[in-house]
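A.B. asks: First the structure, then my questions, so here it is.
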Amino acid sequence: MNPAHLLVLPAVCVSFLGASIIPPQSLNLIQFKDMIRCTIPCERTWGEYADYGCYCGKGGSGRPVDALDRCCYVHDNCYGEAQKRNCNPYMKSYSFKCAKRTLFCYDAPGSCARFVCDCDRTAALCFGDSEYIGRHKNIDTKRHCQ
């Protein structure tokens, strides 16, 4: 056996081990990111919308600080409605298309996938229509969101 082959096997094993500790993102989150990218101004990234205001990001409480934060508040409530219908919005994938900053959901009306797609579509379009106020990124939620 060629000694170089002996070096390749451990490298492959190490790369698989390293990859296994990276937490996977749900397909739904990836799709939601793609929807956001479709609707927001080019100078912004989808990541700028995480940890914004009181509701954009994980959890939420208090009163939304602005129109953009209200988009996240409505999105959170929409996901809550999906869960009441025994639909897991965090894991459910769906079919959609982006064309010229417009989003189309293709799953059957009334299905779990369509419900989640409509939640994400509404939020992404709302993001695109709302002003981004830099001072609302990473705000002190204990102070502003009670």
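For all residues, glycine too, the Cβ spot is worked out from N, Cα and C.
Owing to the predicted nature of the structure, the values given are computational and were not obtained by experimental measurement.
Taken from Swiss-Prot, the feature signal peptide covers 1-19, and the record attributes it to sequence analysis. What Swiss-Prot records for Cys54-Cys145, Cys56-Cys72, Cys71-Cys126, Cys78-Cys119, Cys87-Cys112, Cys105-Cys117 is disulfide bond, and it gives similarity to another entry as the kind of evidence. Annotation source Swiss-Prot lists Ca(2+) binding site at Tyr55, Gly57, Gly59, Asp76. Positions annotated as active site by Swiss-Prot: His75, Asp120.
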A.B. asks: Please identify which of Cys54, Cys119, Cys145 has the densest Cβ environment, defined as other Cβ atoms within 10 Å, among these disulfide-bonded residues.
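C.D. replies: Selected residue: Cys119.
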A.B. asks: If you measure from the C-alpha of Cys126 (disulfide bond), which of the recorded positions Tyr55, Cys72, Asp76, Cys78 fall inside 10 Å?
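C.D. replies: If one measures from the Cα of Cys126 (disulfide bond), the recorded positions that come within 10 Å are Cys72.
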A.B. asks: Based on Cα distances to Cys112 (disulfide bond), point out the closest of the binding-site residues Tyr55, Gly57, Asp76.
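C.D. replies: The answer is Asp76.
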A.B. asks: Tell me, in order along the sequence, which recorded positions from Cys54, Cys56, Asp120 have their CA within 10 Å of Cys78 (disulfide bond).
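C.D. replies: Cα within 10 Å of Cys78 (disulfide bond): Asp120.
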A.B. asks: Nearest to Cys117 (disulfide bond) by Cα distance: which of the recorded positions Gly57, Gly59, His75, Asp76 is it?
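C.D. replies: Closest by Cα: His75.
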A.B. asks: Counting all other Cβ atoms within 10 Å across every protein chain shown, which of the disulfide-bonded residues Cys56, Cys87, Cys112 scores highest?
C.D. replies: Cys56
A.B. asks: Work out how many Å separate Cys119 (disulfide bond) and Cys54 (disulfide bond) at their Cα atoms, rounded off.
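C.D. replies: That comes out at 18 Å between the alpha carbons.
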A.B. asks: Based on DSSP, name the secondary structure state of Cys78 (disulfide bond): helix, strand or coil.
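C.D. replies: The residue in question, Cys78 (disulfide bond), is helix (DSSP, three-state).
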A.B. asks: Please identify, among the binding-site residues Tyr55, Gly57, Gly59, the one with the smallest Cα-Cα distance to Cys72 (disulfide bond).
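C.D. replies: It is Tyr55, whose Cα lies nearest.
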A.B. asks: Within 8 Å of the Cβ centroid of the Ca(2+) site residues Tyr55, Gly57, Gly59, Asp76, which other residues of the same chain have their Cβ?
C.D. replies: Cys54, Cys56, Lys58, Gly60, Cys72, Tyr73
A.B. asks: For the C-alpha pair, I'd like the distance in angstrom between Asp120 (active site) and His75 (active site), rounded off.
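C.D. replies: Just about 7 Å between their Cα atoms.
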A.B. asks: Around Cys56 (disulfide bond), which of the listed recorded positions (His75, Cys87, Cys105, Cys145) come within 10 Å, judging by Cα atoms?
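C.D. replies: Neighbours among recorded positions, in sequence order: His75.
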